[in-house]
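A.B. asks: When I checked TrEMBL for this same protein, it listed these features:
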type	residues	note
ACT_SITE	A:HIS156	active site, proton donor/acceptor
ACT_SITE	A:CYS232	active site, acyl-thioester intermediate
COMPBIAS	A:73-85	compositional bias 'Low complexity'
REGION	A:1-23	region 'Disordered'
REGION	A:73-97	region 'Disordered'
TRANSMEM	A:27-55	transmembrane segment
Amino acid sequence: MTMREQAETGQPRSGARVRGTPPRRSVPAMIAGGFGELLLTAGALVLLFVVYLLWGTGLQTAAAQDDLRGQLDLGGSASSSQDGSSPDESDSSSDRSLDELALGDAYGIIRIPRFGDDWEWVIVQGVEDDDLRNGPGHYPDSANPGELGNFAVAAHRSGHGEPFAPFPRLHVGDIVEIETVDGTFVYKLDDAPDGDSDGNRISISDSWVVDPVPGQPRDAEPVEKRITLTTCWPRFGSSHRMYATGVLIEEEQR
Amino acid sequence: MYAWVWRHLPGPWPVRLVIFLILLAAIVYALFIWVFPWVEETLEISEVTVG
């Protein structure tokens, strides 16, 4: 007896497809089928999440970088000396304009030739998740470039455009160039991962690396103009952190 | 689950297919815009700051 004949006689065998009605399945088969669909869906969700992390977050970051670049005015004429208060230090008037930035505002440009000649990112003010998703972030309590103390920057190394993806390739002696409304500041690293993927690994709570004088009490008087970069370790996780640090070797005030 | 959705979509199969794909796209969009950012933040899998 063919299936067509079964359907016509109105006596379908279990599992046979009758036009207009769902196929009849035993309860265990339905449970197993539903469970299988759930597993497939869960797998697809995990894959999608990975796609989001590796690629989706980068789209948002790229758009944000475009916006931030538009905010930056590095011509040097317009942004400084909005208020006429007398500067008590040589560069305090331009410092004020950096200090006036709100969290999330465009702060300056960072260039690291080790990562490629076209490697250039707009730094944002702040290191909250909402700031760092837009680009490398300036620790708001840390010094500004060219000041005594420690100019500290954090950035992602997986997802969100992964600015610091090649971080372990940083070597002692590498150059980090920062450009702000104040001028251009060239730092030379004196402590870096040196090509070791586990190099300069620190604990999450090792905030001493971004202190004004790293390794000294937080109120120690800084005598050096330093830079410190932090990112995550391992690359696709956050159980630890990784850092590199250096000292100012050259500056060109606007 | 998917078969159930398919059966409850109206129209002939090309229409169903279009509706199904639109539904799927809407779900993926919602995941990318709301769900995944929340998951990422909750799992703390991309923290890069010290302190």
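Using the three backbone atoms N, Cα and C, a Cβ is placed for every residue, glycine included.
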A.B. asks: Within 10 Å of the Cβ of A:HIS156 (active site, proton donor/acceptor), how many other Cβ atoms can you find? Include all protein chains, please.
C.D. replies: 25
A.B. asks: Excluding near sequence neighbours, so keeping only residues 6 or more apart in the same chain, what lies with its CB under 8 A of the residue listed as 'active site, acyl-thioester intermediate'?
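C.D. replies: The list for the residue listed as 'active site, acyl-thioester intermediate' reads A:HIS156, A:ARG157, A:SER158, A:SER238, A:HIS240, A:ARG241, A:MET242, given in order along the sequence.
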